[in-house]
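Taken from TrEMBL as is:
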TRANSMEM  14-35  transmembrane segment
TRANSMEM  56-76  transmembrane segment
TRANSMEM  91-111  transmembrane segment
TRANSMEM  132-153  transmembrane segment
TRANSMEM  197-220  transmembrane segment
TRANSMEM  256-277  transmembrane segment
TRANSMEM  289-317  transmembrane segment
TRANSMEM  354-385  transmembrane segment
TRANSMEM  397-423  transmembrane segment
TRANSMEM  457-477  transmembrane segment
TRANSMEM  497-518  transmembrane segment
TRANSMEM  594-616  transmembrane segment
Amino acid sequence: MTSIVPVLSQGDGYGIVVGFGALFAFGMVATTYCLKRYHGEATDSSESFSTANRTVKTGLIASAVVSSWTWAATLLQSSSMAYSYGISGPFWYASGATVQIVLFCIIAIELKRRAPFAHTFLEVIYARYGQMVHLVFIVFCICTNILVTAMLLTGGSAVVQSLCGMHIAAACFLLPLGTIVYTMFGGIKATFLTDYVHTVAVLIIILFFAFVIFATSPLLGSPSKVYDLLVNASHLHPVDGNAHGSYLTMRSREGAIFFVINIIGNFGTVFLDNGYYNKAIAASPVSALPGYILGGLSWFAVPFLCGTTMGLAAVALEGNPVFPTYPYRLDPDDVLAGLTLPATAVALLGRNGAIATLIMVFMAVTSAMSAQLVAVSSIITYDIYKIYFNPKASGNNLIYISHLSVVTFGLVMSAVSIGLHYLNIDLGYLYLLTGVIISGAVVPGALTLLWNRQSKWAACLSPPLGMICSVSAWLITAKVQYGSITVHTTGSNTSMLAGNIVALCSPMLFVPILSLIAPDKELYNFNSMKEIKRDDEESNKETDSSADQIERENILLRRNSKVARITAVVLTLCLIVIWPWPMYGTAYIFSKPFFTGWIIVGIVWMFISFIIVGIYPVIEGRHSIASVCKKMYAHAMSSRQNNMHTTTETKITSEKSGVNNMQFSF
């Protein structure tokens, strides 16, 4: 149970969660219907349900990347990191989770180039290695989706309970309900559209909080005042491991440990989440590279500004003698559960802050949840049902299994999240644990598309061996360091650091050794990936792309592959080396002008992100929007004229009948 007193009634909570869920469900079902009727976009085929016919443009790809990567943890954990470690926390969170998206653009390009008609990443695994490796990766990918969804629901339900007192069980079941409905009807295209709406709403609310804290709040109101209060807070309760105990330095021992854990864990949640491959598959060939690069850079601003704003505001309020509860500090369990953000919003804005927070967290949970639902339904449909149970399944069979998978996974994960709550497993614990469990499959998974010398046995054995080593390192470190194995000791940064490092790095040893000991008979040529076909129903409806068009796309993708590698390496070096480490090495304490500039950079970056993911998709899709609106208007006018014509005919017929009756009477 949280120690934060709810400021909203349970009726408010149910109204927002159920009301917004129903609104989005109805809105997306209606939008899907309009696109089908007036724009010719069919969503009742398995191909369009899972891939959106591979025509999604750059703006929606970028928006979907931001939305899928904006979990409840993005908003809640980044704020808790700032509260715990100071100004370095949000930066470590943002940079440590942006590089994976930037680097993933390389995988996205290679996937489209080597397997242009794949539906899932696991289909590519099956095409290259066969059944044994395929089953191993199914386990790791499903585990990834389970852990991510559990984080979404545990974090989101904790916030809902803290703000309005709603029971955890109710929150866990109601949060994904509307998402299940519109995902089931609209497939991946519906998730792209809702991703756009949710992302815009989240960015606007973050900017609202930033302007309140740094411009209009009577308790804070300017970067200068926040800076002074942070200096005071550093004297009242200095941060252990930070330079001079200051909240205003990048030199943070625990922050740096979290940074390493964050980087490693998030490689698993990107490179093993079929949702990101789904977006790459759905993207048009020209949109994959800019979509992921722009999406990754736009996302950076979300945890960077949100954490810096809400986390540091919480610390500043605790250093403010005018604040009513000074020198009150948040309960450590609430900080681990990610409740720093809602506590700050309520302290500054009361009921309005609680409503804004609840809406923002609802948007983050449901948008990322929709991506998880499509990812799991794709795996169950194409990699389990179609391959192992019904290889000749028709499109109708596949769409039925997709719908059933969406509903089943959503309900099962709601129940799992309730169980985690009663086991005292919170958002922070799950976030740090994810890399320990799944990161052993990152390297062999990526090399499937990048290295033709990785053998089948290397791809098969490296992930489980990596997980065995990582879990062993995690538990042994907890036992040696603290003398016992409990939720508290295994959740420490040191234990999680050991497990995460071993998880990602051990396959770097296993893969080359196993490929050398048990090599394949011949070097792989990637041809079997190109043999993956679209669903039969689609092949019957339309002819395949011409050879010339395919060749032009391959030339474009080869060029983009080179650009992606250079861009990804440069941006990665900038975000995790060139920018932060000079300040870390010199133990620099921010001056007031530097702190003000830091805040301005965050706000400006957020506005640029809003332009990229909020305005650019509308500009890019303006012709489609106009076409749908014109056809809807024409249909409405045609219906009106038909109704008028029918009414006139009825009136004339009625008048003639009346005349005949009069003549008969006469």
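Every residue gets a Cβ built from N, Cα and C, even glycine.
Spatially, the transmembrane segment (132-153) is not adjacent to the transmembrane segment (14-35); fewer than three Cβ-Cβ distances between them are under 8 Å for residues at least 6 apart in sequence. Counting Cβ pairs under 8 Å to the transmembrane segment (457-477), the stretch among 14-35, 56-76, 256-277, 289-317, 497-518 with the most such contacts is 497-518. Here the transmembrane segment (497-518) has long-range neighbours at 257, 260-261, 264-265, 267-268, 432, 435-444, 447, 453-459, 461-463, 465-467, 469-474, 476-477, meaning same-chain residues at least 6 beyond its ends whose C-beta is under 8 angstroms from one of its own. Here the transmembrane segment (594-616) does not touch the transmembrane segment (256-277). Their Cβ atoms form fewer than 3 pairs under 8 Å, with each pair 6 or more residues apart. With a threshold of 8 Å between CB atoms, the same-chain residues lying at least 6 positions outside the transmembrane segment (91-111) that come near it are 65, 69, 74, 77-78, 81, 85, 118, 121, 124, 250, 252, 255-256, 258-260, 262-263, 266-267, 269-271, 276-277, 279-281, 283, 288-289, 292-293, 295-297, 299-304, 307, 446, 449-450, 557, 560-561, 564-565, 567-568, 571-572, 575-576, 579-580. If you count C-beta pairs under 8 angstroms between the transmembrane segment (289-317) and each of 14-35, 56-76, 197-220, 354-385, 397-423, the highest count goes to 56-76. Counting C-beta pairs under 8 angstroms (sequence separation of 6 or more), the transmembrane segment (197-220) fails to reach the transmembrane segment (397-423), with fewer than 3 such pairs.
Here the transmembrane segment (14-35) does not touch the transmembrane segment (256-277). Their Cβ atoms form fewer than 3 pairs under 8 Å, with each pair 6 or more residues apart.
Long-range contacts of the transmembrane segment (56-76) within the same chain: residues 93, 97, 101, 148, 151-152, 155-156, 159, 189, 191-196, 198-199, 202, 206, 270, 275-276, 279, 282-284, 286-288, 290-292, 294-296, 298-299, 302-303, 306, 337-341, 360-361, 364-365, 367-368, 371, 427, 431, 609, 612-614, 616-621, each at least 6 residues beyond the stretch ends and with a Cβ under 8 Å from a Cβ of the stretch. Same-chain neighbours of the transmembrane segment (397-423): 44-46, 49-50, 145-146, 149-150, 153-154, 157-158, 168-169, 172-173, 176-177, 179-180, 183-184, 187, 369, 372-374, 376-378, 380-382, 385-386, 390, 430, 487, 535, counting only residues six or more beyond its ends whose CB sits under 8 Å from a CB of the stretch.
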